[in-house]
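Scroll down for the structure; my scribbles are underneath it.
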């Protein structure tokens with residue numbers, strides 16, 4: 001009871017001692033600068049009665065005497081909507097203060113509004129303010145607009161769809177004169193508009209921009225039109241987190257932008273898709289027909305150059321059957337026990353014909369199993385990412401070329417997904433060619449042994465590359481880059497395996513060994529991307545790479561008997577009087593060349609990855625594998641031309657016309673593909689805003705960009721490369737005992 005009487009007595013006394021606060025009401029003036037002097041005891045209430053016009057008003061307020069500790073608070077009431085901010089305006093974690101501010105009121109259709117000015121400063125503080133009509137608030141279709149924005153002066157505009165327009169998309173192209181970090185948002189025609197830097201990304205589609213940006217918005221998401229909002233945000237938002245941030249001293253920016261409705265779904269998409277699909281289908285039929293013609297000619301040449309083409313399994317002698325049942329280890333043991341020099345002809349490494357064919361087919365079954373279990377979660381992940389992009393509106397999630405990203409259905413970048421159709425079709429065509437040769441060409445006892453399993457695996461890998469690349473382009477970013485890169489590794493390694501298998505079928509690595517090494521390689525690539533490849537990891541990878549390089553070199557030099565050679569070196573009291581000998585000294589020089597090139601490739605990759613930062617870790621691995629594949633193909637071709645004698649390089653094998661044609665076409669298409677590959681239109685190793693600076697317009701059919709053309713030409717290049725490997729030994733009808741190893 002005593003406490004209650006205390007408050008009854010004290011509270012009126014305290015209220016009486018409070019300074020009197022004066023509210024000064026007055027009518028506001030439009031398009032005139034108004035000056036005010038405020039302190040903690042004086043407030044202003046400004047009343048505005050807008051005239052009949054179609055544009056909202058913007059309020060510009062500035063003060064040179066206000067302090068961040070006691071700012072001037074501006075509150076605007078528009079019916080049920082309230083807008084407030086302070087002068088000076090503090091943003092970016094209170095580290096930067098702006099004394100000039102500007103805000104645009106919501107388009108309230110001529111509704112009256114009031115402005116309240118107040119401050120807690122004990123001394124007089126001056127404020128200047130002007131209220132102006134936003135005359136260019138409504139954007140014109142196809143017109144280029146130019147505006148000035150700063151962190152404390154965001155801008156937004158209204159775009160209304162063109163009446164009776166059949167367009168389903170709206171294209172927004174944005175350019176900036178400097179590298180000030182901007183955030184652009186597309187929001188619904190509702191109030192309030194979120195235009196502050198810490199709220200703009202909570203509504204609608206949005207993206208960060210440095211010097212270039214763009215969006216393609218579907219009308220169905222915004223009925224009648226939308227607001228286009230611009231504001232300046234922190235530099236850290238537009239830069240990679242692991243890179244040093246250079247503060248931008250000029251926080252204002254001049255922005256140019258255009259909004260157009262010029263894409264018709266049916267009239268634009270169908271021709272662009274049909275042209276590419278028709279060209280690839282036509283090419284597929286022509287390619288199969290040409291291959292069949294070459295096969296007929298090949299059969300004719302086989303009949304002319306060999307006396308016995310078909311092998312009748314029922315006529316095999318018991319000795320031949322027993323010979324085929326000899327295992328790889330038994331072959332090596334027999335050679336070791338007899339202390340013989342390793343043979344250097346194909347016949348001695350093609351004794352297990354049936355077993356080699358089964359081992360070769362294991363590559364196909366392995367890649368189908370791996371591909372199946374790889375693709376299913378990939379599809380689930382990228383579809384989830386695409387749905388998340390639509391739900392959140394965050395265009396920074398995916399690294400599109402926004403200047404040439406044509407959406408369709410739930411796919412935001414349909415053209416980059418569809419352009420992977422070339423890989424799928426070329427993989428199917430190559431598989432058909434392999435199938436035709438496998439089942440319609442008689443098996444031979446001359447030439448290099450025909451083992452088609454790896455070729456089938458190459459065709460399947462090309463098809464899966466198309467599927468995974470399409471999945472990657474649903475939402476390309478740092479987290480899923482390895483999806484299609486993994487099968488690039490697979491295709492390159494299969495090419496290496498096939499070249500080695502041509503003349504060493506008995507000692508070719510098994511599918512289990514090959515895919516185990518590939519799995520470890522992909523794991524290293526993933527760790528390198530996710531954890532930015534720390535120095536300790538690089539040291540580990542370098543050691544593992546050198547060990548693998550040395551072992552592979554020994555295995556190639558000793559024709560698949562590296563384990564036996566190492567065992568001999570480790571045993572002190574060997575029962576074998578002398579180690580395995582080398583059949584040809586020139587193999588030393590070839591392996592020395594290969595080792596040197598590998599070390600150079602590895603060193604170059606480290607420079608590009610660590611020093612210049614022009615490639616990522618996955619590309620670092622890819623360039624090493626691709627360099628080895630190119631080197632092995634060139635060496636194989638050169639050795640084939642120069643060396644056919646099993647003991648000396650005296651004769652030469654001819655390369656058939658079919659292989660020459662495919663090889664030439666492969667070189668041409670690889671060059672064209674490389675030109676478009678290096679004409680980057682996006683780059684996920686950079687930040688989304690930095691990647692957007694590379695965005696380019698469509699260059700083919702007003703639908704495809706340079707990366708789409710890379711897809712087209714690289715799919716053709718891979719097909720021609722695979723066909724070259726399939727046909728490189730076609731005209732070799734020599735007895736296998738006379739075919740050299742290299």
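From the backbone N, Cα and C atoms, a Cβ is placed for every residue, glycine too.
Your range for transmembrane segment, going by TrEMBL and the list 481-500, 561-580, 681-700, is 481-500. Per TrEMBL, the stretch carrying the note transmembrane segment among 331-352, 617-638 is 617-638.
Between the stretches 300-323, 588-611, TrEMBL puts its transmembrane segment entry on 588-611. Long-range contacts of the transmembrane segment (448-469) within the same chain: residues 346, 350, 353, 356-357, 359-364, 366-368, 371, 374-375, 378, 420-424, 426-428, 430-431, 434-435, 437-438, 441, 483-484, 486-488, 490-491, 494-495, 497-498, 501-503, 505, 711, 715, 718-719, 722, 725-726, 729, 732, 736, 739, each at least 6 residues beyond the stretch ends and with a Cβ under 8 Å from a Cβ of the stretch.
Remark: the transmembrane segment (417-436) contacts the transmembrane segment (269-294), by the rule of 3 or more CB pairs under 8 A. Only sequence-distant pairs (6 or more apart) were considered; of these, at least three Cβ pairs between the transmembrane segment (363-383) and the transmembrane segment (481-500) are under 8 A, so the stretches are in contact. Of the candidate ranges 481-500, 617-638, 659-679, 709-727, 709-727 contributes the most Cβ pairs within a distance under 8 Å of the transmembrane segment (269-294). The transmembrane segment (617-638) shares more Cβ pairs under 8 Å with 481-500 than with any other stretch in the list 481-500, 512-531, 659-679, 709-727.
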